[in-house]
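The annotation compositional bias 'Basic and acidic residues' is assigned in Swiss-Prot to 222-241. What Swiss-Prot records for 124-145, 218-247 is region 'Disordered'.
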Amino acid sequence: MTKGILGRKVGMTQVFTDKGELIPVTVIEALPNVVLQVKTPETDGYSALQLGVFDKRKIAANKPEQGHAKKASAAPKRYVREIRDAQGDYKQGDKVKVDVFAAGEYVDVQGITKGHGFQGSIKRLGQSRGPMAHGSRYHRRPGSMGSIINKVFKGKLLPGQMGGDLRTAQKLLVAGVDPANNLILIKGNVPGANKSFVTIKSTVKPFKASKIKLGGTVGQEVKAEAKDTASTEKKQAETKNDSASAE
């Protein structure tokens, strides 16, 4: 059986364990997820929970979305995903909270990677560059495409769009959970830019639960860092306004 929850990537920070070890973590905001639909093998051919999180403006939701959410007595959601073979006896309209996970468990995190636009084959695919001598006629070009055949085979490694792909980071450690602030801390980095949506599920790989314990309260350090960032941005805005007034 699988546990899962939807959330939004806040950013990265560092926390200390009770043994004084410094670990990098990604902070994910996972507000209570609404169970929009419970799928069963009898009616849908498979078992799954359809979760939704972060309200969508009514004007931005079409009639089918509004009607679907209304069945669960909820507002239309911006991010909707299914958790296959979900653990727990949930009903339509119930809420899945962040405490479904605990520190020491391992999860798979799925998200859309950062987009980098059109890039060459060296940056995009890690290919080697050509000779950098003056006599060379190519340095960062893709090079030969092959001989004779006057077509490009499907799957040929060439320059193109980089990023913006659905990727899954597997077997990441849950460093801590803060139910009061709807935060989950995951060791290491996860796919996607800040404020992007992510899906957190129980890992498909075998693991042994880790006995990790953070020093202090999980939310205190994260809130303190967010407060420092906000105060810095406020000071920068005030300085900018003062400069504009002086001019």
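Even glycines carry a Cβ here, placed using N, Cα and C.
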Per-state residue totals over the region 'Disordered' (124-145) - DSSP helix, strand, coil: 2 helix, 0 strand, 20 coil
Positions on the same chain near the region 'Disordered' (124-145), where near means CB under 8 A and six or more residues out: 116, 152, 156-160, 162
